[in-house]
Amino acid sequence: MNKAKHIAIIMDGNGRWAELKDKKRVKGHEAGAKVVKEITTFCSQSKDIERLTLYAFSTENWKRPRLEVEFLMKLLESYLRNELPVYLKNNVRFEPIGDTRAFSKSLQKTIKDVQEKTSHCDGLVQSLALNYGAQDEILRAVNKIKDCEDFITEAMLSNALDCKHNVDLLIRTGGDHRLSNFLLWQAAYAELFFTDTLWPDFTTDDLQKIIKDFTKIERRFGGLK
Ligand code: FPP
């Protein structure tokens, strides 16, 4: 039976969820942050799930209206501050991926602080993708190693990426069927699941159902059964 050791999620649909309820888009992000908390706690209690990587802010999300970007930054900072004791209680290690140098000094400090204070935790690894784009990640990795190596192998490149772990199960909520520049290298053999459910409505039951379906899939990784 397959184990979903590394689950990655594109958390889409916050804005539409809010608009459907006649609320401002940012209310959808607020509701989405609560779901991040619930799903992380659920995963931290599963004996099979080792990593949970969540797409929280992409390199393209800067194109959104300034006020929405500012709100997302504040939400992220308060989420991380409030979650630190929860991470510690649940033995969750926080490992950001993405180029966080573009964030404010205060947010960078909070990110680093939570990362350092949870570095001893050896349960679930929760990675938030922050100012993350897979193409940017691959380019940064190539630029890191290009001067030291004449010939770059798959292992070398993989090791230079922010996220060095292949994804088993990649889920996208919100009805669209695309990867939106998320973990393009690491998802090479991931099983892809798409659901119309908007992220703020996504529940641990939904995740459990997807994991159950995932376990039944025959994964061949390009070989034969
Ligand atoms: C997509 O919804 C979601 C995002 C831009 C990023 C995800 C953000 C959160 C889940 C909230 C904050 C996260 C943390 C970790 C505190 P959308 O706005 O694109 O929705 P739409 O497609 O309906 O417009």
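Each residue, glycine too, has its Cβ placed from N, Cα and C.
Copied over from TrEMBL:
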type	residues	note
ACT_SITE	Asp12	active site
BINDING	Asp12, Glu191	Mg(2+) binding site
BINDING	13-17, Arg25, His29, 58-60, Trp62, Arg64, Arg172, 178-180	substrate binding site
ACT_SITE	Asn61	active site, proton acceptor
Which of Gly15, Thr59, Asn61, the listed recorded positions, has fewest other Cβ atoms within 10 Å: Asn61
Same-chain residues at least 6 apart in sequence whose Cβ lies under 8 Å from Arg172 (substrate binding site): Ile9, Ile10, Asp12, Arg178, Leu179, Leu192, Phe193, Phe194, Thr195
Sparsest-packed among the recorded positions, when each Cβ's other Cβ atoms within 10 Å are tallied, from Asp12, Glu191: Glu191
Sequence-ordered binding-site residues from His29, Arg172, Leu179 with Cβ under 6 Å of an atom of ligand 1: His29
Alpha-carbon distance [Asn61 (active site, proton acceptor); Trp17 (substrate binding site)] in Å: 18
Neighbouring C-beta atoms (10 Å sphere around the C-beta of Gly13 (substrate binding site)): 24
Cβ neighbours of Leu179 (substrate binding site) where a neighbour is any other Cβ within 10 Å: 17
Fewest other Cβ within 10 angstroms of its own Cβ, chosen from the binding-site residues Trp17, Trp62: Trp62
Secondary-structure category, per DSSP, in which Arg172 (substrate binding site) falls: strand
